[in-house]
Every structure is written in C-alpha cells, then in structure tokens.
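Taken from Swiss-Prot, the feature transmembrane segment applies to 16-36, 58-78, 100-120, 141-161, 165-185, 221-241, 253-273, 294-314, 343-363, 373-393, 399-419, 424-444.
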Amino acid sequence: MSDSHLTAFDKASKAGFIIALGIVYGDIGTSPLYTMQSLVENQGGVNQVSESFILGSISLIIWTLTLITTIKYVLIALKADNHHEGGIFSLFTLVRKMSPWLIIPAMIGGATLLSDGALTPAVTVTSAIEGLKAVPGLSHIYQNQTNVIITTLVILIVLFGIQRFGTGFIGKIFGPVMFIWFSFLGVSGFFNTLGHLEIFKAINPYYALHLLFSPENHRGIFILGSIFLATTGAEALYSDLGHVGRGNIYVSWPFVKMCIVLSYCGQAAWILANKHSGIELNPFFASVPSQLRVYLVSLATLAAIIASQALISGSFTLVSEAMRLKIFPLFRVTYPGANLGQLYIPVINWILFAVTSCTVLAFRTSAHMEAAYGLAITITMLMTTILLKYYLIKKGTRPILAHLVMAFFALVEFIFFLASAIKFMHGGYAVVILALAIVFVMFIWHAGTRIVFKYVKSLNLNDYKEQIKQLRDDVCFDLYQTNVVYLSNRMQDHMIDRSILYSILDKRPKRAQVYWFVNVQVTDEPYTAKYKVDMVGTDYMVRVNLYLGFRMPQTVPRYLRTIVQDLMESGRLPKQEQEYTITPGRDVGDFRFVLIEERVSNARQLSNFERFIMHTKASIKHVTASPMRWFGLQYSEVTLEVVPLILSDILKLPIKELVPVEDSEA
C-alpha cells in the first residue's frame with residue numbers, strides 16, 4: 001500500500017470527524033440513556049443512593065472507559081488493521097497462520113458480537129421512547145408500557161424494512177445528528193454539574209475501588225454488570241475502523257469521551273440534588289428541564305435509530321466476512337447502495353428483526369433488557385484480547401510484554417464477565433443461547449469444509465490432457481457448449497477434483513471448444529481483485545485463480561468476461577467468431593457453468609462424528625443461498641451435477657445369484 005494511502009488512512013479531516021460521529025459511536029454514545037438508570041434501580045432507587053455510591057459509580061465508569069475503550073481499543077486495537085479494515089474477523093486473518101486453534105476465539109467472538117448486537121436496537125430504542133414518560137402532556141399516554149412497546153415496534157419495523165433499499169440516503173444525516181447529540185450530552189451534563197462540582201472528584205480511582213468493597217454497594221462486584229453498559233460499544237468502534245480511518249477516530253474519540261463523561265457526571269449531580277425527592281424517572285431525561293424533554297426524546301430516538309443502524313450494517317459486514325472465510329453458510333448478498341461497503345443480507349436482516357422484536361415483547365421495559373444486556377459482549381472482548389496478544393507478538397512485541405499487557409486486559413474483562421454472569425438468569429440466557437446457536441452453525445460449516453478437503457481425491461490435469469483434446473475434436477458428440485466452466489474450491493498446481501474430470505469424460509462426455517477450471521480464493525486484503533491464468537500448455541484448457549478480497553462480491557461471470565477479453569487480445573485464446581449474432585464483431589461464444597454438489601455417500605470412510613457433521617451441514621444448506629446466486633450465475637446457463645463425497649475404496653457387498661430350480665435340475 002502506498003504512503004499516500006497510508007497517510008489518508010491515518011490523517012483526520014473535518015468531514016471525517018463528522019462521519020466518524022455518525023458511524024462509529026452510535027452504540028457507546030447512547031449508553032448514557034440507560035447506564036445510570038440501571039445503576040440506580042439496582043441500588044433500590046434514587047432514595048437509596050449516597051454521595052459515596054454516586055462518586056464510586058462515576059469513577060468506575062470513567063476508568064472503565066479509559067482502560068477498555070481508550071487504551072485497549074483506541075490505542076492498541078486500532079493499530080491491528082488488516083489493510084485498513086478492523087473487527088474480530090479482520091484481526092483473525094492477520095494471525096490465523098500463527099496457530100490453527102485461533103479459529104475458535106474468532107468464531108466465539110463473532111457469534112457473541114452478532115447475538116449481543118441483536119439486543120442493541122431493542123434496548124436503545126425502548127430507552128429513548130420511555131423518555132416520553134417524562135414529557136408533560138404525553139406522560140399519561142406513555143405511562144402505559146404497552147404504548148411504549150407499540151411505538152418501539154413501529155420504529156423497528158420501519159428501520160429494518162428500509163434496509164433493502166439501502167441507507168445511503170439517510171446516512172448523510174447521521175454525522176450532523178450525532179454531533180448535535182454529543183454536544184447536547186456535554187453541555188447539559190456540564191450545566192447539571194455546576195451545583196455539585198464535587199462530582200469531578202470521581203476522576204480519582206480511589207472512589208471506584210472503595211465502592212467495590214463498600215457496604216453501601218448492595219450488589220458487590222456485580223455492580224460491574226451495570227458499569228459495563230457504558231463501554232459495550234467499544235468493540236463496534238474497532239469493527240468500524242475501515243469506514244472512517246484511524247486518524248478520524250483518534251481525533252473524535254476525545255470529544256466523544258468528554259461529552260459522555262460530562263453526561264454521566266450531570267446525571268450523577270442531578271441524583272445527588274434529588275435523592276430525597278421521590279422521583280423515579282430515568283435520570284437522563286429527568287435531569288433536563290421539562291420544557292426541553294420532548295425535544296430531547298426526539299433527539300434520543302434519532303440517536304437510538306442511528307446506533308441501531310450501525311449495529312445492523314455491522315452485522316451484515318460481519319456475516320459477509322464470515323461467509324468469505326468459509327466459517328458461515330452462504331446467504332444471498334445484495335448491494336443496494338452506491339458502493340461495496342453498503343451491503344444487505346435479507347435473511348440476516350429479518351432474523352435480527354425477529355430477535356429484536358421478540359426481545360421487546362418478552363422483556364417489555366428497558367430496565368429488564370438492561371438486565372440481560374452486555375453479557376455476550378464481554379466474551380467478544382475476551383476473544384479479541386486473545387487474538388490481539390498474537391498480533392502483538394507477530395508485530396515484534398516481546399512475548400513477555402505482550403503476555404503481560406493482554407493478561408491485564410483479560411483479567412479486567414474476565415471480572416466484568418463474572419459480574420455480568422448474573423444476567424444469565426435475568427434474560428441473558430436468551431443471548432447466550434443465540435450465541436451458542438451461531439457458534440454451532442459456524443463449527444458445522446468449518447468442520448464440514450475440512451472433511452471435504454480430507455476425503456476428496458484430486459487428479460493431475462496433464463494426465464488427461466490428451467483425452468480431453470480427443471473429445472474436443474470428436475464430432476461424433478454434439479457440441480455441449482462453446483465454453484464449459486467448472487468452479488472448484490480446491491485447485492493446486494495442475495491437481496483438480498476427480499469429480500470434475502469424471503463429469504467431463506465419464507458422466508456425460510462434454511464436448512466444448514474451451515474448458516475452464518476456475519478457483520476463487522479469498523484474500524486477507526478486503527478489496528483485492530486479481531487473477532492468474534495457466535493455459536496448461538494448450539489453447540483449449542484454462543486454469544483461472546481468482547483472488548478476491550473478503551469484502552468483494554464473488555460474481556464470477558463478470559470477472560470471466562474481462563479475463564476472456566484479456567486472453568484473446570494477448571493471443572493466448574483463439575477468437576470464437578459467431579456466424580449468427582445480433583452483436584456485430586462478437587468473438588466470444590456461449591458459456592455453460594457446471595456446479596458439482598458433493599453429497600455424503602454410504603461408504604465407510606466417514607466416522608459417525610464426520611457423518612453427523614456432513615448431514616447437519618447438508619440440512620443447513622437447504623436454507624442458504626445456492627452457489628448459483630453466490631457466484632452470480634442466476635442469469636447464466638448452469639448445470640448442477642450431484643456426486644458422492646467418497647469416490648474411492650468403496651467396498652463391494654457380497655451377493656449371490658439365485659439359480660432357477662428347473663435349471664439346477666437339468
């Protein structure tokens with residue numbers, strides 16, 4: 001990558017600053033909506049909190065944001081970019097060659113990030129709409145929680161419904177809206193603290209440590225489950241690195257952190273001033289003058305929608321990366337926006353909608369959702385820490401230092417995990433079950449791919465070159481197609497799957513002018529689009545290796561058209577002049593793509609466990625995108641052929657012929 005690109009990635013700009021606010025900080029920026037409310041309610045209400053409890057809580061929030069978000073993610077993780085892309089799967093691609101078992105933390109981290117992300121739209125939008133309870137004139141309507149639920153569901157239906165059309169048209173307002181949001185957090189928080197400037201003593205970590213062991217803290221270490229809500233968006237910050245660049249995050253994070261901390265301090269000051277008032281409203285909304293609350297709710301709802309949109313888009317990207325890493329089933333992907341970064345996966349969109357809606361209906365209030373929120377993301381952070389340790393070692397950090405630094409973060413995050421574990425019985429089990437289901441699917445898909453690689457036989461193409469030439473010239477067979485294209489997951493040097501040669505020569509001899517053998521390899525770089533060609537010493541057999549980035553669409557026909565033109569222009573491939581055509585000068589014949597589906601046979605080579613893996617993978621395939629759609633072949637001529645997975649050493653079953661009685665008597 002050139003220095004100019006590196007500079008562009010690392011430098012900041014005014015426009016990049018605003019864009020970063022709209023894309024990166026939606027989740028962490030809406031945490032003030034519910035974090036203090038969770039702390040106060042779990043302590044027994046505003047009447048039950050003391051000054052030392054409030055100081056300790058704010059201190060815990062400040063130092064959690066500092067240690068996890070600022071130091072681990074902004075200062076360390078952002079340096080672990082894979083060609084300017086971030087996130088747990090990008091990090092995995094950087095270190096996967098260091099140890100084969102690293103696929104495990106990558107799968108677990110990706111699954112928990114997806115499952116917790118399904119809860120984010122529910123908790124943020126519900127929290128924002130519940131703010132209407134504090135608005136004079138509307139409070140009598142929204143005191144009925146059913147009205148809150150209905151309004152929330154309507155917003156979610158619209159939000160998930162517009163995904164298919166692309167969100168670029170509304171994405172332009174995300175940055176300015178979030179700038180107003182963060183500015184409001186900072187300004188309102190600052191004015192609320194003016195009457196209680198002692199709240200800024202919370203910057204001293206003494207108050208954080210004191211609260212953890214204080215008898216005033218009714219929940220003990222489990223208070224960290226609520227504190228962790230303040231930093232759940234840190235992982236999303238790293239995942240969105242590629243959208244805005246490292247420099248813009250470096251510049252925007254201090255502003256965001258200052259505004260968030262001021263908001264928490266302002267809410268804390270309001271609690272101290274009203275702890276004997278008996279008010280049980282959400283401190284976030286209650287700390288604002290009543291005449292401004294309707295505007296605040298509107299702004300909070302917009303911020304919640306933006307945060308939800310960021311999580312939805314992030315989920316699409318995460319699943320897309322997992323599919324191209326061959327650890328997730330293939331689902332149909334469309335690109336409704338103007339660039340490749342705006343993708344849409346219908347199945348994932350509606351699964352997220354179903355999970356989010358069920359969460360709203362099952363938990364009903366944001367307080368109940370908060371009780372379940374954050375458990376899975378602690379696991380994601382632990383998995384990221386494991387991968388980061390290997391990255392630091394790979395980049396030359398002394399192993400002892402890498403182990404010590406990451407052990408510190410792992411210890412902190414493990415404590416948060418233990419503190420959040422109590423959430424399992426308060427609804428966290430739903431998120432854990434969803435995460436386990438995703439991990440199971442990933443494991444089945446990955447293990448099934450490895451089994452296929454283990455058993456499928458390969459043959460040397462050179463050994464069958466003469467037979468293919470004879471078939472090509474044999475006019476006794478009708479021309480099957482001018483160009484026959486085979487897509488193969490496995491192709492190394494001149495070795496190709498036995499099933500492909502079986503299809504050409506045995507199953508039904510396929511006479512063609514040119515035989516294409518195409519292998520798509522996903523690279524660690526996100527936007528690679530390169531190819532390599534081997535003519536196998538002929539002008540009628542072409543081996544093509546397509547190297548596509550993990551964020552590139554694998555639409556093979558589009559790439560193949562370019563490759564054909566390049567080969568003809570260079571003289572390596574004869575022109576295929578057409579006698580009958582409506583396109584003057586057309587010199588490329590027709591194409592037929594042959595897809596070979598491998599199914600488990602009854603041969604005995606597979607163990608019972610391997611057979612379970614393959615049968616389960618086959619069942620999952622029924623609800624996934626067909627290879628035809630995945631490779632962009634829906635408008636091409638395609639033949640699907642089924643072959644058994646095991647093609648060697650099939651044992652003969654003993655059987656005897658029954659001789660007719662009259663023949664035996666003769």
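Every residue number used here counts from 1 along the chain in the order it is shown.
Here the Cβ of each residue, glycine as well, is placed from N, Cα and C on the backbone.
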### Task
Could you give the residue numbers and ranges of same-chain residues that sit at least 6 residues beyond the transmembrane segment (424-444) on either side and whose C-beta is under 8 angstroms from one of its C-beta atoms?
107-108, 110-112, 114-116, 118-119, 322, 327-329, 355, 359, 362-363, 368-369, 371-373, 375-376, 379, 613, 616-617, 620
### Query
Taking residues 6+ outside the transmembrane segment (16-36), which of them lie with a CB under 8 Å of any CB in it?
57, 61, 69, 120, 123-124, 127-128, 131, 171, 173-179, 181-182, 185, 226-227, 229-234, 236-237, 240, 243-245, 247-249, 251-252, 256, 260, 263-264, 267-268, 271, 282-284, 300, 303-304, 306-311, 366, 370
## Note on the structure
Of the listed stretches 100-120, 141-161, 373-393, 399-419, the one with the highest count of C-beta pairs below 8 angstroms to the transmembrane segment (343-363) is 141-161
### Query
Which stretch from 141-161, 253-273, 399-419 shares the most C-beta pairs under 8 Å with the transmembrane segment (373-393)?
399-419
### Message
Below 8 angstroms Cβ to Cβ, which residues of this chain, lying six or more residues outside the transmembrane segment (399-419), approach it?
### Response
67-68, 72, 76, 221-225, 227-228, 375, 378-379, 381-382, 385-386, 388-389, 392-393
### Query
Counting only residues 6+ away from its ends, which parts of the chain sit with a Cβ under 8 Å from the transmembrane segment (253-273)?
21, 25, 28-29, 31-32, 35-36, 40, 46, 49, 51, 54-55, 57-58, 61-62, 65, 69-70, 74, 182-183, 185-186, 188-193, 195-196, 199-200, 202, 230, 237, 283-284, 286-287
